[in-house]
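Written out below as structure tokens is the structure these notes cover.
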Amino acid sequence: MTEPLVSPVVTLRDGLELPQLGLGVYKVDNADIPAVISAALDIGYRLIDTAALYGNEESVGQALRESDVPRKDIVVTTKIWNDDHGYDAARRAFDASMDRLGLDVLDLCLIHWAVPEQGLYVDTWRALIDLQEEGRVRSIGVSNFAEPELREIIDATGVTPSVHQIELHPFFNQARMREVNRELIIPTEAWAPLARGGELFTQADLHQIAAMHDATPAQVVLAWHRQIGTIAIPKSVSPERLRENFESLRIELTDAQIDLINELDRGIAGRTGMDPATMRRIGE
Ligand SMILES: NC(=O)c1ccc[n+]([C@@H]2O[C@H](COP(=O)([O-])OP(=O)(O)OC[C@H]3O[C@@H](n4cnc5c(N)ncnc54)[C@H](OP(=O)(O)O)[C@@H]3O)[C@@H](O)[C@H]2O)c1
């Protein structure tokens, strides 16, 4: 019998063990959340990534309560949205997320975007620092920060984010930002790890590598994430694809295969989302 799969974890600076492969629920309808989360937990996923913006925190919380998997074994991430920057607003947004999720303590809270134009990210970061000190959230990090804003919140507060979640996939592999994160000792978490599906899966190199491992292109991409050290949170509403993605944990790519995937990078032309440096309040 094959062993049940367990994701490796990355231990964050504050001790939280973040599974290296988790589930993202952006654009998962509330009606689909119970089945998706139940299937994911059965398969072995132990990290769920939501956000106030996604409009599904309430159904995520409900699905977690209905599961047999102990709450302590699941890492729940949510995020403070762009309209809720500033010390007091961020704390209110955190409280509202916790009410919707129905949790006593959150595992990981991120600032969703820095929104440099607003200039409130340091105050927002101070709110998360205090919430962590008060024991309301185990770990605090950021998402979509460019290098200057990332360094600024650390310099201003002396507190380094536990994780930095950024868009990252073979078309946009973020070598520079990963280097900055590494220098600051911040693990990198990849959103849109599959480049949102579609064109990435048409790449001949990925098909060739996949054939060598009796795998799919998506599995090869997720193995690449794991082996370059990123935490990946692919989204799927399909039980088959949820399993397919988790089974990527069985795949071990060669260094040459990783190099080939690195060559798919298109720089900023490969972005699917907004640029953190110019992001305003709209978008994701
Ligand atoms: N911090 C941020 O600003 C930010 C921004 C965007 C996303 N995120 C987070 O990152 C998570 C993932 O990003 P994402 O959802 O945008 O993109 P993604 O995970 O790269 O791609 C999801 C797309 O790929 C498809 N897919 C999944 N597994 C597949 C497989 N094995 N074969 C073929 N297609 C497959 C999905 O379709 P099906 O559902 O039909 O399988 C969906 O259309 C989000 O859910 C969210 O939690 C964060």
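Backbone N, Cα and C define each Cβ position, glycine as well.
Among the features that TrEMBL reports, domain 'NADP-dependent oxidoreductase' is placed at 27-265. If you look up TrEMBL, you'll see Tyr54 marked as active site, proton donor. Feature annotation from TrEMBL assigns site 'Lowers pKa of active site Tyr' to Lys79. Annotated substrate binding site per TrEMBL: His112, in sequence order.
Shown on the structure are the features that TrEMBL records.
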residue : record                               : Cβ neighbours (10 Å)
Tyr54   : active site, proton donor            : 21
Lys79   : site 'Lowers pKa of active site Tyr' : 25
His112  : substrate binding site               : 25
Cα distance (Å, whole number) from Lys79 (site 'Lowers pKa of active site Tyr') to the residue listed as 'active site, proton donor': 10
Structural state of the residue listed as 'active site, proton donor', classified by DSSP into three states: helix
DSSP state at His112 (substrate binding site), helix/strand/coil: coil
Average pLDDT across the domain 'NADP-dependent oxidoreductase' (27-265), rounded to a whole number: 98
Nearest-integer angstrom distance between the alpha carbons (Cα) of His112 (substrate binding site) and Lys79 (site 'Lowers pKa of active site Tyr'): 5
